[in-house]
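K.L.:
Handing you this structure, nothing more for now.
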Amino acid sequence: MPSGFQQIGSEDGEPPRQRVTGTLVLAVFSAVLGSLQFGYNIGVINAPQKVIEQSYNETWLGRQGPEGPGSIPPGTLTTLWALSVAIFSVGGMISSFLIGIISQWLGRKRAMLFNNALAVLGGTLMGLAKAAASYEMLILGRFFIGAYSGLTSGLVPMYVGEIAPTHLRGALGTLNQLAIVTGILIAQVLGLESMLGTATLWPLLLGITVLPALLQMVLLPLCPESPRYLYIIRNLEGPARKSLKRLTGWADVSEVLAELKEEKRKLERERPLSLLQLLGSHTHRQPLVIAIVLQLSQQLSGINAVFYYSTSIFESAGVEKPAYATIGAGVVNTVFTLVSVFLVERAGRRTLHLLGLAGMCGCAILMTVALLLLERVPAMSYVSIVAIFGFVAFFEIGPGPIPWFIVAELFSQGPRPAAMAVAGFSNWTCNFIIGMGFQYVADAMGPYVFLLFAVLLLGFFIFTFLKVPETRGRTFDQISAVFHRTPSLLEQEVKPSTELEYLGPDEHD
């Protein structure tokens, strides 16, 4: 266990770091169960594509009757399948607009709890679609599970970011992405023909997404609400004190409350902002642009094109068993996300994001070369595997985990919910565009499709290098000061601390 996970005693009057308590572990685990579902439903639609399309055709024939014109037209089937993939993102786009409203109205924990109703509804519709001979039910189920995931994509990083100690905020924030990629990997494994990816069992493959929802409904009531939300937003000192005691394991949290009172006093001049107020705010324009571009760098990097269509990409690259190669990419995905958990508090957010973008750009160029030379050099199929594995690995070093939690770091308590909504909508809009349009772009551009992503990745690298600040080890107030141009705060020595502990000046300064 890294040393950062241990409680560090006070030295020279410096407040101790918050140790990792059982309550903190339970709260983070319960929250990221939502991210696990998010990832599962990204990956689950890929492997069983052919058997689901066959089911669509059977439904079509059943509705036409024996005197009908025959099998479903290829163009109609392509459209139905693209809609089945992309409607997930439509649900996410719509629900992401509600992140700020719901998180302020219900609170972070209760919002995640009630969100599970969408997961249960979506999973039930998808699981019963074959029995009901209705591809509309499957598409509608994908919409509801997408709406669930859209809320999850904002609520989970917000909750984890607000309960996490500053010195672990990056590592715990990265667990959100680790849960997503673990969900993708589980979906890829269960989607094999030897598992649930068969003509008979694919409804079960899609329907079991209700299981983590039910588990989260059991665990979340045992977890504390965000003390920042309770005290700063709801002005509930008693419940906030109780929540702090459970999260920190400290009997005396008076200094923590003093810090929250000071932050609340400052934020009284910065009321919670609506979406329109945030978009019109000159003060928050720069961090908002950064938040949006970081979300674009995640989605327009091409990673979802790889996951949505990985099997067909490996087939076109000449790989004999593309489903297993896809699972290999999922394993790489998970391993390198785990690596980023340990790197993010050492190397920093900005450095890892730059490294990831540069590596992905190189792998995209390598993938283009491999696809161009495949017919003349059969060994290029192996190069394509290396390129995709490298592409996935570099994604999980930076562009995968960083954008999700850095948005919560760039904004103070007042504008944070609205900022999460804007960033989430940007992410889901790009997700939809890739899911709906990649196949058409790939057909038009052929082997050069990944060159397009390489150009975009280069642009995102330049933007990150020029505009994105480092947030590692800084409190929310210190990060906010970057955009308010307060040099005195920027020049402060970054000391180990937690967002839920005393932030006052060091006695020796």
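Using the three backbone atoms N, Cα and C, a Cβ is placed for every residue, glycine included.
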K.L.:
With Swiss-Prot open, pick whichever of Asn57, Asn427 is annotated N-linked glycosylation site.
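P.N.:
Out of Asn57, Asn427, Swiss-Prot attaches the N-linked glycosylation site annotation to Asn57.
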K.L.:
Using the annotation in Swiss-Prot, determine whether Arg19 and Arg169 are placed on a common side of the membrane.
P.N.:
yes
K.L.:
Near the D-glucose site, what residues other than Gln177, Gln298, Gln299, Asn304, Asn333, Glu396, Trp404 in the same chain have a C-beta no further than 8 Å from the centroid of the listed C-beta atoms?
P.N.:
Ile180, Val181, Ile303, Phe395, Pro399, Gly400, Pro401, Pro403
K.L.:
By a simple count of other Cβ atoms within 10 Å, which of Gln177, Asn304, Asn333, the binding-site residues in the record, is least packed?
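P.N.:
Minimum Cβ neighbour count within 10 Å, taken over the binding-site residues Gln177, Asn304, Asn333, occurs at Asn304.
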K.L.:
Taking the Cβ of Glu396 (D-glucose binding site) as the centre, count every other Cβ atom within 10 Å, in any protein chain shown.
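P.N.:
Glu396 (D-glucose binding site): 26 neighbouring Cβ atoms within 10 Å.
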K.L.:
For the transmembrane segment (201-221), find every same-chain residue at least 6 residues outside the stretch whose CB is under 8 Å from a CB in it, and list them.
P.N.:
26, 29-31, 33-34, 36-37, 40-41, 44, 48, 51-52, 55, 109, 112-113, 116, 119-120, 122-124, 126-131, 138, 141, 145, 148, 187, 190-191, 195
K.L.:
Can you tell me which of 288-308, 324-344, 385-405, 418-438, 446-466 gets the most C-beta pairs within less than 8 Å of the transmembrane segment (354-374)?
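P.N.:
Against the transmembrane segment (354-374), the leading stretch is 385-405.
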